[in-house]
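Here's the structure we're looking at; comments come further down.
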Amino acid sequence: MTANATRVLVLNSGSSSLKYQLLDMAQTRRLAVGLVERIGEETSRLVHTPLATGGERRVHEGPMADHDAALKALAAELAADGLGLDSPQLAAIGHRVVHGGLKFTAPTVIDEAVLKEIERLVPVAPLHNPANITGIRTAQALRPDLPQIAVFDTAFHTTMPEHAARYAIDVATADAHRIRRYGFHGTSHAYVSRRTAQLLGKDPSEVNVIVLHLGNGASASAVAGGRCVDTSMGLTPLEGLVMGTRSGDIDPAVTFHLRRVAGMSTDEIDELLNKRSGLVGLCGDNDMREIRRRIDEGDEAAALAFDIYVHRLKKYLGAYTAVLGRVDAVAFTAGVGENAAPVRAAAMAGLEGLGMAVDADRNAVRSNEPRLISPEGSPVAVAVVPTDEELEIAQQTYALVTA
Ligand SMILES: Nc1ncnc2c1ncn2[C@@H]1O[C@H](COP(=O)(O)OP(=O)(O)O)[C@@H](O)[C@H]1O
Ligand SMILES: CC(=O)OP(=O)(O)O
Ligand SMILES: [Mg+2]
């Protein structure tokens, strides 16, 4: 690595999207950011913003078959800005990897053995790990000489105590198949809980925070003094909160019933619970903006979907208050948490008994900065803290390659 290799490319591959950022770590500056959406569909779309050159945002529409095609397309965009992947200034590529099992508790240099382990975990992250693997393989082919670093969603949760991580099922079966709560979105929960402590002017070790990461996938975590003590996602990213297309918590016997009585196959049930449930299953839309618009027009299915979503949030707020004993702050983050003021207001409504409340004027403020939305003097600080998984991944990646 040359001395002026201070850039990191971060790839955050979702099931059908690929978010990316190129950063210069010498000044912690974003050079380019972008997103490829609807990968695998006819209507794929790439939005690229070249911040370094101050150029216009560029949008390309047209089919992109897979993450390999998406990565090649974004590489071409970067090259057009003179920021190509062939640059000697590129120090490493950092990859978000969703499932790392118990093995990976820290950022890891990717080699064949690491890739094999990520592959082994595909059955427990079927929407995510395959996309992560394609991203890694394509990036390796484009720059075989460069360190590729995996930053795992599961890593932050590996501090959970056994009584939170274990399911109450037969121990021998659980151990034989490594069935336990792993938790996901850990990079976001770690970043946001730290930023929340900062917002309060405290050290992370001094505060207990409930983080609500509400994106398309959604999860809650209880963070005590900077360490995760419980989280809502489990063996897979299906458990917990109501999500865009995933059910979150259900009675596991629902799946037996769907097999025995409804005659569905295991794959059909998997698809139902992961892709046709949650908000989309309840009302046909998974985008909170659209749901709010429909509620304003008097749509009952949208209103019920919203109420179910919020009810689940309240349950986790209550549960994690009990788990933590003392809550200093609740932090809302990700697409819904950062932007949907009505979700925040509804989730907090009636929780005065837990010391939680939202000030309507503060809640209505739109900003990209971390901010308090609870009333002055509230026992629990309620905050909106924008997540930045890409920055966190870039920092962890750069720290590893410059260590
Ligand atoms: N202005 C907004 N108001 C309400 N909800 C929003 C807004 N912007 C985004 N969202 C919600 O955020 C979701 C995407 O969140 P995001 O964190 O980007 O998800 P992911 O990383 O899982 O793709 C959208 O599906 C939508 O429901
Ligand atoms: C783990 C997970 O659910 O991730 P995402 O929200 O990106 O789908
Ligand atoms: Mg996300």
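If you go along the chain as it appears here, the first residue is 1 and each next one adds 1.
Backbone N, Cα and C define each Cβ position, glycine as well.
Sequence annotations record features per position, and here TrEMBL assigns active site, proton donor/acceptor to Asp153. As annotated by TrEMBL, Mg(2+) binding site applies to Asn12, Glu389. As annotated by TrEMBL, ATP binding site applies to Lys19, His213, Leu214, Gly215, Asn216, Gly217, Asp287, Met288, Arg289, Gly335, Val336, Gly337, Glu338, Asn339. Annotation source TrEMBL lists substrate binding site at Arg96. For His185, Arg246, the entry in TrEMBL reads site 'Transition state stabilizer'.
Around the Cβ of Asp287 (ATP binding site), a 10 Å sphere holds 14 further Cβ atoms from the protein chains shown. When the neighbouring Cβ atoms lying within 10 Å are counted for each of the binding-site residues (Glu338, Glu389), the highest count belongs to Glu389.
DSSP assigns Val336 (ATP binding site) to a helical segment in the three-state reduction. In terms of Cα spacing, the binding-site residues Asp287, Arg289, Val336, Glu338 all stay beyond 10 Å of the residue listed as 'substrate binding site'. Sequence-distant neighbours of Arg246 (site 'Transition state stabilizer') (same chain, 6+ residues apart, CB-CB distance under 8 A): Gly217, Pro237, Leu238, Leu273, Asn274, Lys275, Ser277, Gly278. In the three-state DSSP assignment, the secondary structure recorded for His185 (site 'Transition state stabilizer') is coil. The DSSP secondary structure for Asn12 (Mg(2+) binding site) is strand.
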